[in-house]
Amino acid sequence: MDWKTLQALLSGVNKYSTAFGRIWLSVVFVFRVLVYVVAAERVWGDEQKDFDCNTKQPGCTNVCYDNYFPISNIRLWALQLIFVTCPSLLVILHVAYREERERRHRQKHGDQCAKLYDNAGKKHGGLWWTYLFSLIFKLIIEFLFLYLLHTLWHGFNMPRLVQCANVAPCPNIVDCYIARPTEKKIFTYFMVGASAVCIVLTICELCYLICHRVLRGLHKDKPRGGCSPSSSASRASTCRCHHKLVEAGEVDPDPGNNKLQASAPNLTPI
């Protein structure tokens, strides 16, 4: 995926997000994606190469490394970023589905018919539920990966010395040393902190979305000026019925022209 495609996706996500969603997207892109791309490979690229153990037993170093690092940190963070950003794409797909449905409706019934959606990107109906479930899915993914990161490495700290005990083919207890542990510890805390900020922003957006829906429901029954949703639905239904009658030949598509010719039969319509 090139930068233009990524920019287009991020622009689409930003367009249909709330204020909290836009801040969340900025944090993800600046403090997680860019930092991951720029610094992760340099910090964690040599983790297995410079993992030294005080033994010459063949295969012992690899076994100790696999015992302490069952999965690489950078690969775990890459999976986390992929799974966290995927729910936002579902919102874009839902909006695209609405726009395509609206286009087919206008093409079939004409431009005079009422619209199916006043605004395809407005979070009402099914799109609201899609957006809500996307936020819940983000929270689940964030908490799940933080739990995995804390469980697999026994906390977020990065020790300088790890010991392999009773791990074949290593003899007895083997001491192993991690390369650049302080730098890796700082980087780990930074990524965990960015993930925690994203969790707080997602919870705020979730509360905002629910409160906004409740307030809109409370004010829904109040009388408002202008055209009501029921009148729009009535116009859409009338338009569809008229369209079907025209196709069946039961209604003249231009009744005004017939009246004109009945009053002046010698006139030629222009």
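Each Cβ is built from the backbone N, Cα and C atoms, and glycine gets one as well.
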Task: region 'Disordered' range according to Swiss-Prot, out of 40-60, 103-123, 250-270 - done: 250-270
Task: Same membrane side for Thr61 and His154 per Swiss-Prot - done: yes
TODO: Using a Cβ cut-off of under 8 Å, list the residues of the same chain at least 6 residues beyond the transmembrane segment (188-210) that approach it.
DONE: 18, 20-21, 23-24, 27-28, 31-32, 35-36, 73, 77, 80, 84, 123, 128, 131-132, 135-136, 138-139, 142-143, 145-146, 149, 156, 158
Task: Sequence-remote partners of the topological domain 'Extracellular' (41-75) [C-beta within less than 8 Å, at least six residues beyond its ends] - done: 149, 152-153, 162, 164, 167-171, 174-180, 183-184, 187-188
Open item on the list: Could you give me three numbers for the topological domain 'Extracellular' (41-75), the DSSP helix, strand and coil residue counts?
Closed with: 16 helix, 2 strand, 17 coil
